[in-house]
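Visitor: I have a structure I would like to understand better, so I am pasting it below and will then ask my questions one at a time.
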Amino acid sequence: MQIRLANPRGFCAGVDRAIEIVNRALDVFGAPIYVRHEVVHNKFVVDNLRNRGAIFVDELGEVPDDKLVIFSAHGVSQAVQNEAARRGLKVFDATCPLVTKVHMEVMRYSRDGRECILIGHHGHPEVEGTMGQYDHSNGGDIYLVEDEADVQKLEVKDPSRLSFVTQTTLSMDDTARVIDALRAKFPQIEGPRKDDICYATQNRQDAVKQLAGDCDIMLVVGSPNSSNSNRLRELAERMGTPAYLIDEAAQIDPAWLYGKKAIGVTAGASAPEVLVADVIKRLKALGGEEPVEVSGREESIVFSMPKELRIDAVEL
């Protein structure tokens, strides 16, 4: 039974940065520190940080006045930022810079009084943060659509002053169809200068497209609440390859592998490589051969840390 590994897979630059912010804050300021929302959507990562003294909360009201708080990689609304400032909380913002880019687009549209459509998944923290960047005081509004059916139902105030942005972790193919529907219904709509779907999401989806057709089954390492991990599973299934989303190696059902000759393995952008290694170990114990790395796009992007948490600043 062959084991084929997708490339790239696993951690992206934004996730690396967010986790490192929490770890360095714990090193510098000591436990406990508070994190608004799970810093990234991965159970293994969150449990490890919790064991180090990170306390994950849903609302700022759960953070004592004298404690440090970190905003998750998914970003927060202007209202949350304003509340933190009003209370004088010490904040480190672990929002992915690519999410911040979308926030800036939304703020620019709202300043210009342009209505804005966000393509994204209802209830996802990134969507809540992005929607919360829009200032309605200039007469515009922001709308959320998930699919083409939502586009058909949508009514806006002024189709001649309309823009769109997207959540960064969506399916590229699904998003392209929604954008086509928007352009068909609102011919004057303007989009971002550069695609909002992040490089890591695109690269990992491309890697699955390259791999899934040659495999009898795909295993996606990632947590159920990880948007980008779910999109990888859906993509493999859309290509006709059975796919399973697993948090850890113990969740692999040997029955999935019965009669299979080639197993593809990938990991969402919030899943650490140690979990992939555990999956490979279990697959080998179940009859798998030595894994083969499938070539893919190399990633070299690194996002800088907040100044106060940089190693040179800490050492001083």
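Heads up, the Cβ atoms here are built off N, Cα and C, so glycines get one too.
Annotated active site, proton donor per Swiss-Prot: GLU126, in sequence order. Taken from Swiss-Prot, the feature [4Fe-4S] cluster binding site covers CYS12, CYS96, CYS198. The dimethylallyl diphosphate binding site annotation in Swiss-Prot covers HIS41, HIS74, HIS124, SER226, SER227, ASN228, SER270, and the record cites sequence analysis as its basis. What Swiss-Prot lists as (2E)-4-hydroxy-3-methylbut-2-enyl diphosphate binding site is HIS41, HIS74, HIS124, THR168, SER226, SER227, ASN228, SER270. Per Swiss-Prot, the feature isopentenyl diphosphate binding site maps to HIS41, HIS74, HIS124, SER226, SER227, ASN228, SER270.
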Visitor: Could you state, as a whole number of Å, the largest distance between Cα atoms of any two of HIS41, HIS74, HIS124, SER226, SER227, ASN228, SER270, the listed dimethylallyl diphosphate binders?
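Guide: Pairwise Cα check on HIS41, HIS74, HIS124, SER226, SER227, ASN228, SER270 gives a maximum of 15 Å.
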Visitor: Between CYS96 ([4Fe-4S] cluster binding site) and HIS74 (dimethylallyl diphosphate binding site), how many Å separate their Cα atoms?
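Guide: Spelling it out, the Cα of CYS96 ([4Fe-4S] cluster binding site) and the Cα of HIS74 (dimethylallyl diphosphate binding site) are 7 Å apart.
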Visitor: THR168 ((2E)-4-hydroxy-3-methylbut-2-enyl diphosphate binding site): which of the recorded positions HIS41, HIS124, GLU126, CYS198, ASN228 have a C-alpha within 10 angstroms of it?
Guide: GLU126, CYS198, ASN228
Visitor: HIS74, HIS124: which of these binding-site residues has the sparsest Cβ neighbourhood within 10 Å?
Guide: HIS124
Visitor: Among the binding-site residues THR168, SER227, SER270, point out the residue whose Cβ has the most other Cβ atoms within 10 Å, with all shown protein chains included in the count.
Guide: SER270
Visitor: State the Cα to Cα distance, in Å, between GLU126 (active site, proton donor) and HIS41 (dimethylallyl diphosphate binding site), rounded to an integer.
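Guide: GLU126 (active site, proton donor) and HIS41 (dimethylallyl diphosphate binding site) have their Cα atoms 11 Å apart.
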Visitor: Just to confirm: which same-chain residues, 6+ apart in sequence, have a Cβ under 8 Å from the Cβ of ASN228 (dimethylallyl diphosphate binding site)?
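Guide: Spatial neighbours, sequence-distant, of ASN228 (dimethylallyl diphosphate binding site): THR169, ALA200, THR201, ARG204, GLY222, GLY268, ALA269, SER270.
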Visitor: Within 8 Å of the Cβ centroid of the isopentenyl diphosphate site residues HIS41, HIS74, HIS124, SER226, SER227, ASN228, SER270, which other residues of the same chain have their Cβ?
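Guide: So the extra residues in range turn out to be VAL40, GLU126, THR169, ASN225, SER229, GLY268, ALA269.
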Visitor: Using a Cβ cut-off under 8 Å and a sequence separation of 6 or more, which residues in the same chain sit near HIS41 (dimethylallyl diphosphate binding site)?
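Guide: Non-local contacts for HIS41 (dimethylallyl diphosphate binding site): GLY222, SER223, ASN225, SER226, SER227, SER229, SER270.
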Visitor: When you measure from the Cβ of CYS12 ([4Fe-4S] cluster binding site), which residues in the chain that are at least 6 apart have a Cβ under 8 Å away?
Guide: CYS198, TYR199, ALA200, ALA269, GLU299, ILE301
Visitor: List the residues in the vicinity of the [4Fe-4S] cluster site, defined as same-chain residues other than CYS12, CYS96, CYS198 with C-beta within 8 angstroms of the site's C-beta centre.
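Guide: For the [4Fe-4S] cluster site the neighbour list reads ALA13, GLY14, VAL15, ALA73, PRO97, LEU98, VAL99, THR168, THR169, TYR199, ALA200, THR201, ALA269.
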